[in-house]
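The annotation ATP binding site is assigned in Swiss-Prot to 53, 54, 55, 56, 57, 58, 59, 60 on the grounds of sequence analysis. Among the features that Swiss-Prot reports, domain 'Helicase ATP-binding' is placed at 40-422. Under the heading domain 'Helicase C-terminal', Swiss-Prot lists 443-605, citing sequence analysis as support. Among the features that Swiss-Prot reports, domain 'UVR' is placed at 632-667. Under the heading region 'Disordered', Swiss-Prot lists 1-26, 668-689. According to Swiss-Prot, the motif 'Beta-hairpin' annotation covers 106-129.
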């Protein structure tokens, strides 16, 4: 496994290491043809292609083999942190000798700055930053600027503003053994890079001094570096074990990158401060002309305070709102983002593109609408608008080769792709489930008979309904009929959801009822029947895409079957049925031609990588505290657990704990409990980006 901290030497001799996949198996099924078609398409000049891969066909492995063939730095974007974490682990195992990095929002908790005009209430930005994820973000940008064999797995955070990569690279400090530099001179340079001196709490982004020895903990690294001086010359450098303090290796040279992505050289900071001050005075005059003296005073006081902090420390809270001044951009120009740290020629993989593309498209307008009231009421200068995510057009302009990956590509992907390459035949040779339509009248009685058949074969059943009330009533009915059944609803937290899946797999119950069973973690080999009630009703959960996705839940069992209960066959139903039957024909023909026999996927229950399954979650949703003091202690305990969960990449669990903390703060009127969930109605969920 590659060292996530990366080597320390600035020359990076391993920068020429080629991408090489290490997998326990060779491409199979449709994978060899898909890999060859995609690679040929790019080599022939295609800029955008789509990999249409059915559930369980090994799309991630196919993407990996394509990367190996193209030998290009690669950005992989997922639509939430949890999926990004899963992909990160998969790519790390497939590319053990290359730099596989992880770039998502570093917030455990995030309440965006906002102003609610109706109640004249200003809400300060409130955030809890996860230091480990911050380290991983810096590791990603460092790798992109110092080596070629890089894969970055990211959430939509990849399109949000980041510092100028040229400043980040040019301000980097190269230190070599034998170099003539005084100890105090090195300390001053580290401060310029926004490193903090801390002789007690020695963590990433800090340094400490012990006589003629300086120890620096790089922002991106897992190991601190000891620099020993002999007079005004560096005598020795070593990488240290962070716990024992013992020497891991001697280092001839070290390259320190800034501790903040928004780091700016002193001369440029002075120029930026003057430009900000000029714009502030213009904004004050604007408010005075319109008679809004409160806003005029507010923008002057707030901006002046920020300028004083920037002049003194080179940084201020909310410095991202001044990002346009800290680079060579003009107002309205696209912000610098993670994409600008990539070389000109790189591959972008958009995973689950039918969900990720709409998410990318929606970020810009959502961010702008929240800032309107802040700018209009003097809380921020208009240039705060330039601290924003990319528009979709800007995103498309900054990317080069693009590969959309989905079992159900959307209209955008199909329209933009030069080729839609299908991966229909699975390496396991399983075929898509058989589909039947049953009358909605008497659907529950029919379902009971089908459940009995599955129980007799020690198989499992998923049932999806349209409403919470119907799911509850059906669960109650099945229980009274003696069926071992559980119900998964929108309030089921992360750990409970995974425990439900685990219990279903172990046979603790036979049927799982839910409303939206498209979520990750529900690819269960033991499920041989998916029952879709009220399949002919219009709506998102009964669209062609959703139906195909739901049908795929039965695609990992050789006896897989889907039953649609409906009074009529809608266009969405027919399209989903036609597509599934088309895939079945292709899969069965392949099996007949090659003499292969499909078998149910065998996967030990313990092999399921369930975020949060091994985390102590006692009291997360336990008994309510009796008074404010108990509540405050519980919130403090929960906050520590939230940070631990996020550090372990268990983001859904961290989100559940965050929500419990909000409930306690509101119920007992603790600090931070009076902020609305999202005043502008547009802030992205922390676990999404």
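Glycine too: its Cβ is placed from the backbone N, Cα and C atoms.
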Check your understanding: Within 8 Å of the Cβ centre of 53, 54, 55, 56, 57, 58, 59, 60, which other residues of the chain have their Cβ, at the recorded ATP site?
Key -> 62, 407, 423, 426
Revision key, fill the gap. Residues in the domain 'UVR' (632-667) per DSSP class, helix first, strand next, coil last, are 33 helix, 0 strand, 3 coil
Exercise for review: Mind giving me a neighbour count for residue 56 (ATP binding site)? Other Cβ atoms within 10 Å of its Cβ, every protein chain shown.
Suggested key: 19
Exercise for review: Look up residue 56 (ATP binding site) in the DSSP assignment and report helix, strand or coil.
Suggested key: coil
**Study point:** Among 55, 57, 60, which are binding-site residues, the residue with the most C-beta atoms within 10 angstroms of its C-beta
**Key:** 57
Revision key, fill the gap. Cβ neighbour count (10 Å, all chains) around residue 53 (ATP binding site) is 26
Check your understanding: Can you tell me how the residues of the motif 'Beta-hairpin' (106-129) break down into helix, strand and coil by DSSP?
Key -> 3 helix, 15 strand, 6 coil
Exercise for review: For each of the binding-site residues (54, 58, 59), count the other CB atoms lying within 10 A of its CB, then report the residue with the highest count.
Suggested key: 54
